[in-house]
Amino acid sequence: MTEEKKFSSSNRPARKQAVPERKELPASQRRHAAKLTDGTNSSAGTTPRSNKPARQGQSQGQGQNRHTNSSRSNTQGGNASRPNQSKSQGQGGRNNQRPGSRTQASEGRPMIREKKNWSTKPREGQIDYSKKTDNSLKQYVSENEKRKQAAAAKTTKKPAEQSKKAAEKPAQTKPKTAETKTTATTTQSGTGKFGGALASGNNSARNNSRKRNTNGTGQQTPRRNDKPRGSKKSRRIAAKKGPAVPATERKEQPLPAVLEYRIGMNVQDLSKLLHRDTAEIIKKLFLLGIVTNQNQSLDADTIEILAADYGIESQLKEEEDVADIDKFFEDDTIDESKLVARPPVVTIMGHVDHGKTTLLDYLRNSNVTEGEAGGITQHIGAYQTQLNGKTITFLDTPGHAAFTEMRARGANVTDLTILVVAADDGVMPQTIEAINHAKAAETPIIVAVNKIDKPGANPDEVMNQLMAYDLVPEEYGGDTIFVKISAKFGQNVDELLEMILLQAEVLELKANPDVPARGSVIEARLDKGRGPVATVLVQQGTMRVGDPIVVGNTYGRVRTMTNERGIELAEALPATPVQITGINEVPQAGDRFIVMADEKTARAAGEERAKRAQEAIRNSGSVVTLDTLFSTMSEKAMKTVPVIVKADVQGSVEALSGSLKKIEVDGVRVDIIHTAVGAINESDVTLASASGAIIIGFNVRSTPLAKSQADSDKVDIRFYNVIYNAIDDVEAAMKGQLEPVFEEKVIGNVTVKELFKFSKVGIIAGAMVEEGKITKDSKVRIMRDNVVVYDGEVASLQRGKDSVNEVKMGYEFGFTVAKYNDIRVGDTVEAYIMEEVKVK
């Protein structure tokens with residue numbers, strides 16, 4: 001057999017075309033067409049007509065035409081003859097006489113363009129399909145099927161990864177292999193696509209073979225699942241990951257016998273208790289007529305209905321009140337077996353300028369006094385110092401009367417009280433107040449008689465004065481320790497520290513560092529960069545960075561923790577003062593704090609405490625009884641001075657507010673409508689504008705937007721850094737709120753010299769100032785024959801063509817009077833102003 005070669009698109013034989021049925025020609029035309037056909041074939045070098053009879057069911061003419069088309073389609077380039085040449089000849093050869101046509105050879109003339117031998121002889125290894133034999137066509141079909149099978153084998157070649165998957169799932173690959181073999185067998189037997197078409201000679205089979213998704217039987221070919229899908233990158237990533245692991249089915253846990261719930265649980269909490277998905281619980285509640293989400297709190301009735309629908313019992317779990325943090329400070333909650341010694345907490349108290357801050361400055365080797373406005377401590381500071389390896393914690397409280405609450409707060413968290421009394425000044429009102437606070441807190445008192453270095457110092461006189469308040473020195477048989485010191489030069493300061501440590505040993509101060517930290521807020525403020533900052537004193541336990549904490553009516557998580565020198569600490573032991581950040585709002589000075597187990601519990605406790613505080617405020621002002629009705633009405637009849645107080649720290653806010661409320665002016669009281677820590681903002685200005693309040697800023701400034709808004713709304717903002725000045729200004733404003741007394745003051749006399757009438761303006765009076773002056777803002781009294789005819793205001797004041805605000809004596813001017821045109825020449829005008837008489 002001749003060597004077979006693959007057919008390309010250029011040498012592949014054309015598909016058999018459908019030849020329409022032709023009518024029988026007359027005998028004369030058939031003879032003429034036969035001569036033309038013989039001549040053309042001989043000149044073109046084609047194979048002579050076959051003398052074989054036509055197939056059964058076909059006419060002679062049809063067989064000739066099909067043979068002619070078949071032989072011409074195999075010629076390279078298709079230039080030897082046209083496909084429908086025989087048809088043209090059969091119709092009479094109307095195109096045979098065209099110049100340059102190849103059919104000119106039938107007239108005996110050589111072909112004009114006959115330069116090559118247009119032979120249809122097949123090439124080496126090529127099958128001659130010009131011969132109309134069934135074997136050659138079957139051989140073509142067989143070769144075509146072999147090529148298709150080879151191409152399919154290349155396409156279905158699988159990589160190593162796909163071979164592994166195919167080995168894992170043999171059930172999916174076997175039907176494909178069987179289907180391929182069946183198709184190949186059918187094709188070889190001549191009943192496939194081409195075999196069926198050639199055997200039957202039906203043209204519709206060829207059309208069916210062109211459908212991509214159908215096989216020879218007309219059924220749709222199944223999709224090839226083994227073909228790689230996706231981009232090359234995605235297949236490469238999938239190959240690295242390996243075969244997908246099938247997901248395991250989730251085993252549903254059984255329902256609990258009893259659902260123990262608490263008030264405020266949401267769907268997420270219930271899903272953990274019921275071992276069910278949140279979507280299932282939400283769907284079940286929806287079917288029960290309750291629309292909710294997974295974060296919404298549910299009441300007791302809803303939870304009980306859900307438990308009944310699941311067929312289980314429900315029981316309310318009684319839990320302790322997490323919002324009540326005061327119970328953690330009770331003595332019965334402390335385990336005495338785990339107590340260890342702790343440093344003493346000492347509060348320094350005394351009158352103004354008696355040297356408390358100077359003493360503390362010497363102890364901690366820092367300069368605090370120079371930074372305080374007016375040389376007075378403005379808020380509590382907490383510091384630590386060491387002596388002979390032992391630590392002492394000091395709390396510095398202001399001595400001014402405005403800071404009464406802060407001194408009381410300091411006494412409540414302290415172990416010892418250092419009462420500083422100036423030797424040259426003696427006992428003062430704040431000294432007595434400090435003694436009372438220390439006695440109320442039941443804390444021992446150590447008296448430090450300061451300023452013994454001054455010439456007029458008399459320490460013995462101070463000791464005698466304090467004996468009247470049950471502070472008897474040990475020299476006189478009492479139990480009160482007296483130490484004579486000079487804080488400025490450090491004289492006898494070490495002796496004072498030794499007395500403190502000695503007294504601490506007597507008190508046996510201990511704490512448990514293993515419990516959750518708890519303590520008190522010494523000071524709090526709002527920092528621009530760090531947010532709310534609180535100075536706290538740890539009284540029990542150990543505080544660490546990251547602990548969830550409840551502080552007063554707010555909560556948070558300890559983000560940073562620093563000591564008085566700004567050094568960051570990882571933990572704070574008992575009796576250690578630290579500054580913490582991370583709380584949501586600025587707490588009140590004196591609030592208690594406690595570290596919770598988790599942030600969720602801390603948040604619940606803080607929100608509940610804030611809610612209770614708001615309810616207490618609303619209830620305190622809403623109840624009116626017959627006993628309080630008259631007093632309430634009296635208060636509403638009183639004049640008030642609304643004030644908004646903003647300060648840098650909470651202690652200053654409380655001190656300034658308390659001092660303002662104590663100002664006594666008959667018939668007037670101060671109404672503090674808002675207090676806060678931080679800069680004065682737009683909200684404060686808006687509130688002041690709506691209520692007519694004065695804004696007092698203590699050691700704070702206003703934002704640029706607040707300043708511009710205050711200018712436009714004409715809101716009075718006052719800034720202070722010394723509390724005395726703020727109190728004096730507010731007291732003056734309160735005195736101004738009383739009914740003012742005005743007196744009339746004549747500032748000038750004017751005589752009308754001439755009148756000028758204008759239709760648009762009216763009458764303009766030309767006059768001269770005889771005495772004093774006249775201003776545009778002054779009032780005028782027009783007198784005619786010493787009788788007042790009109791009393792009103794100046795509408796306009798001019799000199800020449802220019803408007804002026806004032807005209808002095810000896811000058812001429814023109815003026816008009818508001819709402820009055822009956823002025824006459826010779827009238828005398830008296831200019832005057834109303835001047836307020838200050839209340840003494």
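Positions of Cβ are set from backbone N, Cα and C atoms, glycine also.
Here is what Swiss-Prot says about this protein:
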{"type": "COMPBIAS", "residues": "38-50", "note": "compositional bias 'Polar residues'"}
{"type": "COMPBIAS", "residues": "65-83", "note": "compositional bias 'Polar residues'"}
{"type": "COMPBIAS", "residues": "84-102", "note": "compositional bias 'Low complexity'"}
{"type": "COMPBIAS", "residues": "110-135", "note": "compositional bias 'Basic and acidic residues'"}
{"type": "COMPBIAS", "residues": "158-168", "note": "compositional bias 'Basic and acidic residues'"}
{"type": "COMPBIAS", "residues": "169-207", "note": "compositional bias 'Low complexity'"}
{"type": "COMPBIAS", "residues": "230-239", "note": "compositional bias 'Basic residues'"}
{"type": "REGION", "residues": "1-251", "note": "region 'Disordered'"}
{"type": "REGION", "residues": "350-357", "note": "region 'G1'"}
{"type": "REGION", "residues": "375-379", "note": "region 'G2'"}
{"type": "REGION", "residues": "396-399", "note": "region 'G3'"}
{"type": "REGION", "residues": "450-453", "note": "region 'G4'"}
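Same-chain neighbours of the region 'G4' (450-453): 350, 354-355, 358-359, 420-425, 459, 484-489, 491, counting only residues six or more beyond its ends whose CB sits under 8 Å from a CB of the stretch. The average per-residue pLDDT of the prediction over the region 'G1' (350-357) is 79, rounded to a whole number. Secondary structure of the region 'G4' (450-453) per DSSP (helix as H, G, I; strand as E, B; remaining residues coil): 0 helix, 1 strand, 3 coil. Secondary structure counts, DSSP: the region 'G1' (350-357) has 2 helix, 1 strand, 5 coil.
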